[in-house]
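Asks: Pulled from Swiss-Prot, these are the listed features:
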- 169, 170, 171, 172, 173, 174, 175, 176: ATP binding site (BINDING)
- 362: site 'Required for activity' (SITE)
């Protein structure tokens, strides 16, 4: 069989005409240094800041330093398999995390991958972890209360939806307990909660998750964890992942509470990365942009205006102090960014005042306008009374011959401190908080022994639940105090049934 030359040429022409090649152009670099969660690569001249890069073994990294010859990369995963000389290629994408309703009830890492063993998360939505905060005209002032269920906070330093309220104190002063109790109190408040655990022990995170599950709070909570054993890049990214998940809900008109526990560990992780990337150190060896690290995170908490759906993100960042020093670098930075702070003091904690809130140093700059009218009425003078009591208490140690007015103030102060104490994981509904504070302010507790005050409160709540539920309902629905004559009559009736116990 002979093949003609014309046939061969026509077949070749046909093949050439039908040939479609898709050229894949990608920038590829070479790893020149690897170690401590950091890589340096040569040849990625077109890489963008914050771009995701892929190593030859599939591990992802993020471009942080763009230099003349090298790119400094933080590695988002195990880096022990990466070697000098390995390929690293650009992806053209920036870091994104999965978002949406499917995340609720799950425990995820900084990359949004599940770590709770309950299978993959069925969601297709993603959001970039770095986003521009809402502008001035997109916001409205804080006007809705966020009830924490903690008497000392709701009365003295109220928090509104869309506020940033710093919780600051030494280690082991109950910071995490305040956050967990606040999450537990959101059960019927139409609020989604996100708990971001940064640099915590895995056992601590497990305990927090079990507490939330036990009280049914995981039904509206997402837990983002970057444990102490994780590489520093994951600790640095965890808060941004948490707020990206929150923004998805906020822009859909929902209300979100985000707890960052705690930002001093994130700052330490960022310091570690910056020093490894050879950025110049500043005060306390933190890099120059450590303020921006936190400001760009916390500015994303906002109350959106009604045309954008009126959603909100409320942020509760934590900062750990050393020996109560709130004038250190990170504490002063975050105090200046937030709308107030709650200062937890170790002296108060160890003396049995829990939550150990120092009313003198704690402040809420915008929460007052969100406080309900009933609470404003009863808690108006509480802060001043408490401050006066603390002052008198320190003077009274030096002399016993005090006049009757001073003694009365001291006795009232003792009862105020006692009323503001609260058991762990027992948040109190706002109407019951108003009730006990009304009783305190109107001198119903003046003749109750100090050691009986909490029992008085507990029995009073039970009595009102059974005998005067309509008064509690009125406070809850109208957010104002009920008719004073009815309230006084009910309190007197209960007081007659209360039997003080003998002195211990």
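Keep in mind that glycine also has a Cβ here, set from the backbone N, Cα and C atoms.
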Asks: Which has the fewest other Cβ atoms within 10 Å: 171, 175, the binding-site residues listed?
Replies: 171
Asks: Out of 172, 173, 176, 362, which of these recorded positions shows the lowest number of other CB atoms within 10 Å of its CB?
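Replies: Across 172, 173, 176, 362, these recorded positions, the one with fewest Cβ atoms within 10 Å is 172.
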Asks: Relative to the Cβ position of residue 169 (ATP binding site), how many further Cβ atoms are located within 10 Å?
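Replies: There are 28 such Cβ atoms around residue 169 (ATP binding site).
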Asks: Measuring Cα to Cα, how far is residue 171 (ATP binding site) from residue 362 (site 'Required for activity') in Å?
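Replies: One finds 17 Å between the Cα atoms of these residues.
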Asks: In angstrom units, rounded to an integer, how far apart are the Cα atoms of residue 174 (ATP binding site) and residue 362 (site 'Required for activity')?
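Replies: The Cα atom of residue 174 (ATP binding site) is 15 Å away from the Cα atom of residue 362 (site 'Required for activity').
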Asks: Could you check which of the binding-site residues (169, 173, 175) sits closest to residue 362 (site 'Required for activity'), going Cα to Cα?
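Replies: With Cα distances computed to residue 362 (site 'Required for activity'), the winner among 169, 173, 175 is 169.
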Asks: How many other Cβ atoms are found within 10 Å of the Cβ atom of residue 170 (ATP binding site), counting all protein chains shown?
Replies: 18
Asks: Could you check what DSSP calls residue 175 (ATP binding site) once collapsed to helix, strand or coil?
Replies: helix
